[in-house]
Every structure is written in C-alpha cells, then in structure tokens.
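To start, the structure under review is shown below, and the notes come after it.
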C-alpha cells in the first residue's frame, strides 16, 4: 500500500441531515443551560414544510421547542418558501416523552463516580500528525470547503448560493504521506438565475482555491463542480433529513473505525457521545506527545456499569513504545468512567449546537481537543 488514494466527504449546515442534527443539539443546549443534569435523547426529522422533534427527556427545565426549531432553521438560512423550507412557516411538531426509569436506575448512583454508562456500546477515537489539528487531511479539508461555502453565502460574496451543499476530496498518499489531491467534488444548491459556467468559475475562485493548499493541486487534479448541471431543489425539499445519519462526516471521514453511535441530541451521560469525545482526547494527546504518528483508541461499556469493559490502543506501526504500555498510560492519566470523563472534559455546558455541523473533531474550541496531557504522557513514557 505504498501508493494509494483516500477519499472523505462532508456536508454543509443546510444539508437536511445536518439541519436535523443542529435542531437536536439546539434543543439539548437549551435544556442543559437550565438543567445541566438533564437526560436528553432528542431526534429530529425534517421534510418539505415540516419538522418533527421527538425523543426522551427527563428534566426540570422548560424550553420552547417550536421557537428553538425556527431559530435554528433561520440561522442556517432557510427563510423563504422558494427553497421549499421556510423557518417562518414550516410546521413544528413535538413528540417528546420521558426517559425510561429502567435506564435511569442503571445510570444514577449515590457516588457520582460510580455513575453507570447510559447504554452498552463501543466507541473509537483517532488522531494523526498529518495536519496541524491532528486530524486526517481528507475530512479536514472536506469540512473547510463546505464551511467556506456557507461563509460566502452568508456574507453576500455569492448571493445565489443556497444552504445545501456537499464536498468530497480524494487525496494521494505515498508511503503514508500526502503527495497531492487527485479529485475535488463540490455540489452546491443555487438559485435558478445562475448559469452552470458562472457557478463553476465562482466556486473555483471563491471556495476551492482559498481553501485547498496550492502545493497539493496540480494540472492532473480533477474538479467536479455541480456535475449534474443543476441543483436548485435541495435541503429538506429535496431529501428528508434525520438526526444521526452523518456519523462518518461527524468523525474521521472513514479514516478510523466507528462504533455506530451517533452524537447529536444526546446529553453527556450517553457514552455514544461523551466516550467518543474522550477517546479523541486520548488519541490526540498520545500523538501530540510524540508517542505515535497515528493512534486509534477503542473503549467499550456495559449499561449501568461505570468502568469501561475494554480499552484498546492501535498505532499502526508508528508507536514509539509498546501498545500494552500505552494502554497502561491511558488507564493512569485519563478518567474514562462516564461521570469522570464528563468532569475531565467539562461537558455539562451548552456547547453542542456548534458541533453539529463541520465535524466534532479538529476544532480547537472544544475541550476534547486540548493536548494538556501530552507532556505528562511523554515524561511517563521516558521519551526526551
């Protein structure tokens, strides 16, 4: 596998699945703002002219689901009926119940550190030193393309852009190192009054060139900009959207394994979310410490049990110390019980709406991106 291609994709904040994710996390944030100990599992479905918000919530807080939903959709940019979805006129339906007491009795404990996991499951975290944010380059730059699409849409640089968009980048690797970009795909929703030629030229100049490093582009790089020729109907009018359907976009773009659990709409007692964040934190600190060039962590849990049922470290032949030694360091320096990792990463705050578009990892504003354990790990490993 000396030379190979690897591809990752991302989607914009206006993609219907991401609209659903953002509504779910906006509801979560509103509840956590009033009640940090709330139990929240919020799922959202969006389609032409309607939003259905459902799930299980146990809290003393009261939040206005309809107002939160409309505000979120408005901020994304769906504000007129020509797009098939309008924050001001769409129907908002709520079907939220309480969390099962059977689950709750397995989670709550007199000693908070003995709080059990909210469900069984396996979670992965990953880091690599191929970018400055210790994330794989394909997903990092795929995110940056659609983030740039939203920026030039909202600031009026390209006023004919609409909220829905997708990106995909194929990188060329040689012996594990990036040598170039083989292909770029960017499909963006647009108004009916822009020609394909003008759109392709503007997207190249205002989105692709400002984002992708010139040294990775060449005359052999292939560009597919709105390759169907037309993308006027999009967003929830084009496809229904559901919370939790973009789990690879949310994580590592396929470069690492995935346990299957989605993130959005879940409070930190759900290890699907919080333990995946903790696993990223562990992997990133191992790479930042110079103990490996690439690192993947797996943790697993049983419902109602505090201690992880397993911890695994894989360094793909790049580790500077043995992997069993790395596992011992993880156990020594990181708290991976559900309550402990919530405290370690300070997760009981309304920070989740921002995670719900453009990736949960590689963004320095989030606490699981800290590398504050790197020096401790390096010293403990005996590396100078």
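Here the Cβ of each residue, glycine as well, is placed from N, Cα and C on the backbone.
Reduced to three states, the DSSP call for residue 246 (ATP binding site) is coil. Marked as ATP binding site by Swiss-Prot: 15, 164, 165, 166, 230, 231, 239, 245, 246, 262, 266.
The Mg(2+) binding site annotation in Swiss-Prot covers 17. Counting only same-chain residues at least 6 apart in sequence, those with a Cβ under 8 Å from the Cβ of residue 17 (Mg(2+) binding site) are 11, 241, 242, 243, 245, 246.
Taking all protein chains in view, 22 other C-beta atoms sit within 10 angstroms of the C-beta of residue 43 (K(+) binding site). The annotation K(+) binding site is assigned in Swiss-Prot to 43.
Same-chain residues at least 6 positions away in sequence with a Cβ under 8 Å from that of residue 270 (L-methionine binding site) are, in sequence order, 41, 118, 119, 261. Mapped onto three states, the DSSP output places residue 270 (L-methionine binding site) in coil. According to Swiss-Prot, the L-methionine binding site annotation covers 56, 99, 239, 270.
Across the region 'Flexible loop' (99-109), the model assigns an average pLDDT of 60. Annotated region 'Flexible loop' per Swiss-Prot: 99-109, in sequence order, evidence recorded as sequence analysis.
If you check the binding-site residues 15, 165, 230, 239 against residue 43 (K(+) binding site), none has a Cα inside 10 Å of its Cα.
Largest Cα to Cα distance within the recorded ATP binders 15, 164, 165, 166, 230, 231, 239, 245, 246, 262, 266: about 36 Å as a whole number. Taking CA atoms as the reference points, residue 15 (ATP binding site) and residue 56 (L-methionine binding site) are 25 Å apart.
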